[in-house]
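These came from TrEMBL, pasted as-is:
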DOMAIN    31-412  domain 'Cation/H+ exchanger transmembrane'
DOMAIN    466-598  domain 'Cation/H(+) antiporter central'
DOMAIN    609-768  domain 'Cation/H(+) antiporter C-terminal'
TRANSMEM  80-99  transmembrane segment
TRANSMEM  111-133  transmembrane segment
TRANSMEM  145-168  transmembrane segment
TRANSMEM  208-229  transmembrane segment
TRANSMEM  241-260  transmembrane segment
TRANSMEM  293-311  transmembrane segment
TRANSMEM  323-349  transmembrane segment
TRANSMEM  356-376  transmembrane segment
TRANSMEM  388-411  transmembrane segment
Amino acid sequence: MEATEQLMCRPVDAFNPLITTSFQVSCILVISHIFHLLLKPIGQPGPVAQLLAGVVVGPSFLSRIDRVEEFFIQASSAKYYQFFSFICRMLFMFSIGLEADMPYLKRNFRVVSIIAGGGSILACIFGGPLFWLLTKVFRVTTERFSFYLLILTVLANSASPIVFRLVAETKSDTADLGRLAIYSSLVNEMSCVVVVCTLKAFTSFSKFGGAILIALFTLVLIIVNKYLSYFFNRRNRNNRFVTNSEVFVIIFLLACLSLFVEWIGYTAITCCFLVGLMFPREGKTARTLLHKLTYAVNTFILPVYFGYTGFQFDLSTLNNKLVIALTVLMILVGAGTRIAGTFAACHYLKIPWNEALILAFLLNLKGNYDLILISTPPQPKMVWATDIHNFLLTVVVLDTLIIGPGVAILLNREESCAQYPTTLEILNPESELRMLACVYVPRHVSGHVSLISALGGSPNAPIKPYLVHLVELPKKRKSKLMYHQLEDGDQFSDEEEYGGNDVLEINDAVDSFTVETKILTHQSKLVSSFLTINEDLCNGAEDLRVSIIFLPFHKHQRIDGIMENSMEEIRTINQKVIRHAPCSVGIFVDRGQTGFQQPHGSPSMQNIVTLFFGGPDDREALACSKRISMHNQVSLTVIRFIPTSSRHSSWINDASHKDEEVIMAISNVGTENEIDNAFVETFYNRYVAQGKAGFVEKYVSDGVETVAALREIADMYSLFIVGKGGRGNSPLTTGMSDWEECPELGLVGDLLASSEMNIGGSILVIQRDRHSEPERGGGLLDD
């Protein structure tokens, strides 16, 4: 707050400090881009380049030149730097809270807390002797407790913004390791803030009262934001985004809270993070804030903030052997306690040592709350001695500059070697299922969110759904308006015009789904030529580490029940995705009102059937059915089609009426049959025997009998799930290829989707990932 008051003073410097600050920001951005271009080929992320840019512009290099130092480093310019740092912190901590994955944090809070606390506890233990040494060297006689807290914070704190950006730029933010690192650093930093602020609050009655007011005002703003979000969403129901003035209202309220917290004498980063974390995620308000803040934070705010951190570093402070030795000692103590504590925590949690090493280095990155505490006076009208300030600042900057490039290399190596489940068959049913649903037009949304609803029906089987709007790249830009000619709330980017009114309808449908089911669906838009959009889609699916992609069928059902071809390009794209997808693929044939409906909130049960003929694709379809069967508004039946010649080898034999475990008679047809039998037996024991699903065996001798059996159940179910491949030479499908129209659906899926069958239910045809390891039975068990 002191910085904002002094901004109003008349400048007494040779140059206007506002001009020098703006020019410094420009230099940091330009030089950081140059460094990023040079360092990116060797795997170094943006934060490293931005810190180096600040060091180059600062007193270590360019500002050593007298004319440059006279321009950049002035008496009152520091207040402008502090004010801009305050604005940057406020916005990026709010943005981090807004982007935080609350369901993941709730599920893994214990694990994240143990990892975050492992190194911090050791830092508190080993910080005592180091504190005693530093008090002797720097002759600290007053405010020793504040100095001890400062030393512990520098040793124990993790800079969550640096960890967040470093993990994101190495594309590890969707991996379990990257998410563990991000949320461990957040818990670590917020814990340090809370501990220091709590201890400070008990030093005087006024401080304690101020802390109570801060907590009360933060809670009030969280509640106010909920009502504002609801009001803005309703007010802009016909617009894609809320207006700029409405965004300004939310940011203004956040700034008022932050300024009040800083004026009281505390840091506002925890309040800003909590306000973002508790902000309602559904609706246009959250979408607009994410849209506007994400770009600004990643391209301007964080680079400037990291650059200013490096700008404060002065190499000339390392002017004698004692300071160098103390700097090295403190960096080694911080790194050593963090590595040892994190390894102990990861050993307890059974996390591999290579991941524990990366987590330890990531959590040792510094440069956020520790810098705030270094620059915060321990008492009003009192500052830390210059040698203490410079020493601790040097430790923080050098620690990040040394560890940052090394951990980036380790992350890139781990990323290149990392494997994630690309099939549902090998995924534990209680693990998080990541899926990507693709839509072209609004009518595709209802069917895909119904699938998301069915797969997310159990709290014991978490999901992370993504929905991408695929838009064809137009040849010419429609709008020639300049920025100042746009109406309030409009976007200047060409990409925002792509998709037309479909974007608004899709957003509204997803928002309604989120409000009704409380399942947060992450939306995005992919604008590309239809000739290459399949490549972009597959690359995006790989970056998101999804296990299955859901695609819409190129036909839609008319009112009279006839399937009509809507976009032939969709069929071509589906065929390309099926061939090159990095994971399993499902094509959803939506039958509209007569087909599958959203289970959440449905007054009646949704009857679903899985048709099992055998083979990898059918096993993948059955694995998908496991997830769906966990929904309490879904009734699943599995029908296994068996050749009549194998009737004597049936392993059911009224086993459903017995308590003992089902004994399977393994067929000697081949390995594929053995895997099928083992997989079905596992499903039967864990789902059918416990009453979670039904199971029926159908004995057929050829394709004609198979078709007859399918006609019998045509009107019994709202959703048919089947694998694409089945058995190529199986007698079960003999003759069915004579009327094949859509080979991307497989023989059975094509038959079900044809007008000849005239079924009312929707169809989900699943193909197992073709690039996965050959089957060896390793994915048969769920635990």
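Quick reminder: no glycine exception, Cβ is built from N, Cα and C everywhere.
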So if I exclude everything within five residues of the ends of the transmembrane segment (323-349), which remaining residues of that chain have a CB under 8 angstroms from its CBs? That is, six or more out.
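Those are 111, 114-115, 117-123, 125-127, 130, 133-134, 137, 154-155, 317, 355-357, 359-361, 363-364, 366, 391, 394-395, 398-399, 402-403, in sequence order.
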Check the transmembrane segment (356-376) against the transmembrane segment (208-229) for contact, please; criterion is three or more CB pairs under 8 Å, pairs 6 or more apart in sequence.
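Contact between the transmembrane segment (356-376) and the transmembrane segment (208-229): absent.
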So which of 111-133, 208-229, 388-411 is most in touch with the transmembrane segment (293-311), counting Cβ pairs under 8 Å?
388-411
Considering only Cβ pairs within less than 8 angstroms, which of the stretches 80-99, 111-133, 241-260 has the most against the transmembrane segment (208-229)?
241-260
Same chain, outside the transmembrane segment (80-99) by at least 6, Cβ under 8 Å from its Cβ: which residues?
3-4, 7, 17-18, 21, 24-25, 160-161, 164, 186, 251, 254-255, 258, 262, 268-269, 272-279, 286, 289-290, 293-294, 296-297, 301-302, 304-305, 308, 311, 368, 372, 375
If we skip the immediate neighbours and take only residues 6+ beyond the ends of the transmembrane segment (241-260), which ones have a Cβ under 8 Å from one of its Cβ atoms?
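Long-range Cβ neighbours of the transmembrane segment (241-260): 1, 4, 86-87, 90-91, 94, 213-214, 217-218, 221, 224-225, 228, 232-233, 235, 268, 271-272, 275, 284-285, 287-289, 291-292, 488-489, 491.
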